C-alpha cells in the first residue's frame, strides 16, 4: 500500500526547519516533495524526508546549502538508517567507571531512547573526562543527535528523547565551565528567537577547559535589546552569537549592537546566518576565532621600550 506522504507543516515540525526554508530549498535546489495526494497536493515521502534530513545535517555541519543539496540529491533512494543492535534490559550501561571504555554512539543513543538519565550522566562524564569536550562533541554528541533526528523522521516521534539528551549534555558540560571572575568575560548568546543553545555550552566548556577563558552563556532566544544591555554591563572583549536556523540568521541586528571601548569583537557562528554574513561553522573554528580575537584584544598597543 502506498504511503500517504507528509505535508510541509508536518515535515517542518519533524526536522525543525521552517516551512519557508523548505519551500526555498525546493525552489532553489530542487529538493522537495515528490508525491501528490489524490487532491493534487504535494506530499513528501520517506525518501524525500531522508534527503531533507541529510541536507539539514550537512548544513548543520557547516556545508553551504547548495553543496548540501547536491550531496543529498545524489542519494536518490536512501536506505533507512541501520537499526542499532538491541541489548537485553539486563545489560544496562549505567555505572561507567573512569577505568571503563568510553561509551559508544550506540550506547548513548539507546540510553537516550530509554530516557535513562542515570545511564547517560556517568557515560557522558566518562567521555568528557577521557577525551575532552571537543572530541566528545564531534564523535559522540553530534552523531547521537543525528540518530535521534533520523528516528524523528522515520517515526514522527522522539522530541522527548532529543530534549532529555540535550539536557543531560548541558548538565555534563556545566562543571567544565569554570567561573574565574574575569572582569571582562566572553559573552555567548543565541540569536533572537534561536532556541538551539547547546553549541554555546560546548564552546564555553572547551574555552574554559583548554584555554582558561571565562565566559557567560546567555542561552537561547536572547533578544538583541537584552544582548545590547549585557554588552554594556559586561563590556566583553568578544561576543559570540549562534544561529542554527535560517529564520534566525538575519545579520542586520548584529551591526546595530553597541560599539564599546575597549572594543568588542563580534563573531557569528552556526549554519543559520545568511550568506552575506561571515561566520564560523564548527566548534573548532569557533574556538580558534575566539582565541584569536582575545589575543588581538590583549596585545599591547604601545611600543616596547
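Each Cβ is built from the backbone N, Cα and C atoms, and glycine gets one as well.
Annotation comment: TrEMBL describes 5-74 as domain 'HTH merR-type'.
For 77-98, the entry in TrEMBL reads region 'Disordered'.
Marked as compositional bias 'Pro residues' by TrEMBL: 78-91.
Per DSSP, the domain 'HTH merR-type' (5-74) is made up of 44 helix, 6 strand, 20 coil. For the domain 'HTH merR-type' (5-74), the predicted model reports an average pLDDT of 79.
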